[in-house]
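As structure tokens, the structure follows; a few thoughts come after it.
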Amino acid sequence: MVDHSNTRVVVGMSGGVDSSVTALLLKQQGYDVIGVFMKNWDDTDENGVCTATEDYEDVAKVASKIGIPYYSVNFEKEYWDRVFEYFLDEYKHGRTPNPDVMCNKEVKFKAFLDYAMELDADFIAMGHYAQIERDENGIAHMLRGGDSNKDQTYFLSALSQDQLQKSMFPIGHMQKSEVRRLAEEAGLATAKKKDSTGICFIGERNFKQFLGEYLPAQPGKMMTVDGLEKGTHDGLMYYTIGQRSGLGIGGGGESNDPWFVVGKDLEQNILYVGQGYHNELLYADQLDASKMTWITPVDHGTDFHCTAKFRYRQQDVGITVHMTSETTATVVFDAPVRAITPGQAVVFYDGAECLGGGTIDVAYKVATDDADKQVLQYV
């Protein structure tokens, strides 16, 4: 048996079952384990309850149970500067950002990693459902989690090789049910705690009300691309491509099909809507992406075929990547895809391996007759 006692691992403990079992497994494997709770947001909820206090109490219970030291570190400034300001700026520009991708890149695997190094850590560990495999050259490859329903590689796609080299995902190969079983068998206080949902560190508060506290809403016209007015919207930032709820439009026209958001015009403050789930305006053939990063230093070439996800839990789609610079690309789909959303992450896969990703700037159709782009989303 390998002696890990001289290898220090600092575990990011959230007060949830996944990070609790992560710390438990590492302790059982003989590592020198330290638990650290990150406070990244002043998260007093709508009822005046500070959930961070409750979560830290759970961390304390778990750490005491398994016999490891634990600390709390405050990254509220780092989160605000590196994640939240980006989040607001994207919404201000009519896009729908994915703060979880940025939070992992800038806070959990950057600010936290830096802090762990100050504690003389050899590695950090997180309770993510993803796997790391190193090849014969020592290059770290990120693979999908063993539980396909919990796989989190989509949110980890912006991590660098350096970040991955210093990271461990001890539960990455496991099923969620197995994680809960281990927690129960060990008598951990978090064994039956429900999973957190909502935006990274903002939680489950009323999103529209929350966003309105930071950005002034600008109501405007809601209309079809043919110019037919359908009412007013509350502010473009509250809507995303493909959204059905909250439009306040009944059936009408030649059918009673529901209405969906099909585009935004930021300059004129117009929200475009279309009728029918399969409305052709919701489908795109390709997209342009920026901020492209790759996890491994492998040269994929300027044109290559793989699969991609455009949102979490989506089925993989066959695509061809055409690199237009080191950090930008045009992504062409094997078949049209519905409701591509600017601001979200496009994440690339080769089988089980997550290759990296980028940010969706715009999606469009290319007309077959003159190859003109029909830009659908106007942002």
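The first residue you see is number 1, and the count goes up from there.
The backbone N, Cα and C atoms fix where each Cβ goes, and this holds for glycine too.
ATP binding, as stated in Swiss-Prot, involves G12, M13, S14, G15, G16, V17, D18, S19, M38; the candidate among G67, G94, G127, G138 given for that site is G127. Site extent for ATP: the farthest pair of Cα atoms among G12, M13, S14, G15, G16, V17, D18, S19, M38, G127 sits 15 Å apart.
In this structure, the CA atom of H128 (site 'Interaction with tRNA') is 10 Å away from the CA atom of G12 (ATP binding site). Ranked by Cβ neighbours within 10 A across all protein chains shown, the binding-site residues G12, G16 are led by G12. Under the DSSP three-state reduction, D18 (ATP binding site) is assigned to helix.
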